[in-house]
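Engineer: Straight out of Swiss-Prot:
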ACT_SITE  ASP67  active site, proton acceptor
BINDING   HIS63, HIS65, HIS141, ASP208  Zn(2+) 1 binding site
BINDING   ASP67, HIS68, ASP208, HIS266  Zn(2+) 2 binding site
Amino acid sequence: MSYRGLTILGCSSQQPTRHRNHGAYLLRWNGEGLLFDPGEGTQRQFIYANIAPTVVSRIFISHFHGDHCLGLGSMLMRLNLDKVSHPIHCYYPASGKKYFDRLRYSTIYHETIKVVEHPISSEGIVEDFGNFRIEARQLDHLVDTLGWRITEPDTTKFISEKIKAAGLKGPIMQELINKGIIKVNNNIIRLEDVSYTRKGDSIAVVADSLPCQAIVDLAKNARILLCESTYLEEHAHLAKNHYHMTAKQAAEQAKRAEAQQLILTHFSARYNTTEQFVQEAGEIFPNVFAAEEFCSYEFPKNAN
């Protein structure tokens, strides 16, 4: 089974600090590497995290404020240098096309990799690969900003003891999957009698935004919600003025969405530590963590 986990490569907001780099988040999922919002210095963060940049297959830019995209050009150049053979898919708001091009071609280099652009102009399902799908929703920020949801489908798992007891094997198994009900030796067998549904995982990634319904929709029953929480509640006026959230507001979104786990990120440089973020959010949503650089949050496939 391939590794599944979310690695924090950076968790600061507009200004990096001595201990927090610009944001960048790597989701390794079903054999793919999904990189979200690579800020300045991201390729160096891969070195510190002891992860090869070549795992990246898809790059997501929520919006084109610098702390969410300044690492894009250097990451593409690094992937060229490493001569990756797989295409690099890039997803971003269509209104930011000119900024994407400026970042991609900001320096002189010989591009050899295949970059597949996905400028997104409407909400909904962006792509569906069968084993997972990508959804985008418009957030409430100062510029066009997208939030993301990565979802894998539910799967049917057979219960071996019940399959054996029912005398099922070979082609008749596929017939049961296709029809949902079959007759075997004068017995009616329903799919739900000999199987259970394994709920597919989903992860929501929410960058800069005020609280909004789109966040709740993206994070609905998600296993992980990675959510910006730039400020503490004592600076709620700054959050409102700059179209950001507090830790409390992020927790409220997670609670409304009934997410399983909340990871706070995008911390303002005014805060030296993040303990208060966890404390503030935890009063509303207990299963909460503050992102830490190079920490990985693993999530093996659900057993049920």
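Glycine too: its Cβ is placed from the backbone N, Cα and C atoms.
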Engineer: Looking at the recorded positions ASP67, ASP208, which sits with the largest number of other Cβ atoms within 10 Å of its Cβ?
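Structural biologist: Per the Cβ count, the most surrounded site is ASP208.
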Engineer: Ranked by the number of other Cβ atoms within 10 Å of their own Cβ, which of the binding-site residues HIS63, HIS65, HIS68, HIS141, HIS266 ranks first?
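Structural biologist: In terms of Cβ crowding, the pick is HIS266.
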Engineer: Does DSSP give HIS63 (Zn(2+) 1 binding site) helix, strand or coil?
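Structural biologist: DSSP assigns HIS63 (Zn(2+) 1 binding site) to coil.
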Engineer: What is the separation, in Å, between the Cα atoms of the residue listed as 'active site, proton acceptor' and HIS266 (Zn(2+) 2 binding site)?
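Structural biologist: So the alpha carbons of the residue listed as 'active site, proton acceptor' and HIS266 (Zn(2+) 2 binding site) sit roughly 10 Å from each other.
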Engineer: Rounded to the nearest Å, what's the C-alpha distance separating HIS141 (Zn(2+) 1 binding site) and HIS68 (Zn(2+) 2 binding site)? Just drop the number here, would you?
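Structural biologist: Cα of HIS141 (Zn(2+) 1 binding site) to Cα of HIS68 (Zn(2+) 2 binding site) measures 13 Å after rounding.
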Engineer: Measure from the CA atom of HIS266 (Zn(2+) 2 binding site) to the CA atom of ASP208 (Zn(2+) 1 binding site) and give the result in Å, rounded to a whole number.
Structural biologist: 8
Engineer: Would you list, in sequence order, the residues of this chain other than ASP67, HIS68, ASP208, HIS266 that have their CB within 8 A of the centroid of the site's CB atoms, where the site is the one recorded for Zn(2+) 2?
Structural biologist: SER13, GLN14, HIS22, GLY23, ASP37, GLY39, SER62, HIS63, HIS65, ALA207, GLU228
Engineer: Could you measure between HIS266 (Zn(2+) 2 binding site) and HIS63 (Zn(2+) 1 binding site) for me? Cα positions, answer in whole angstrom.
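Structural biologist: Each residue's Cα considered, HIS266 (Zn(2+) 2 binding site) and HIS63 (Zn(2+) 1 binding site) end up 14 Å apart.
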Engineer: Cβ within 8 Å of the Zn(2+) 1 site's Cβ centroid: which residues qualify beyond HIS63, HIS65, HIS141, ASP208?
Structural biologist: SER62, PHE64, HIS68, LEU139, LEU142, VAL143, THR145, ALA207, SER209, TYR243
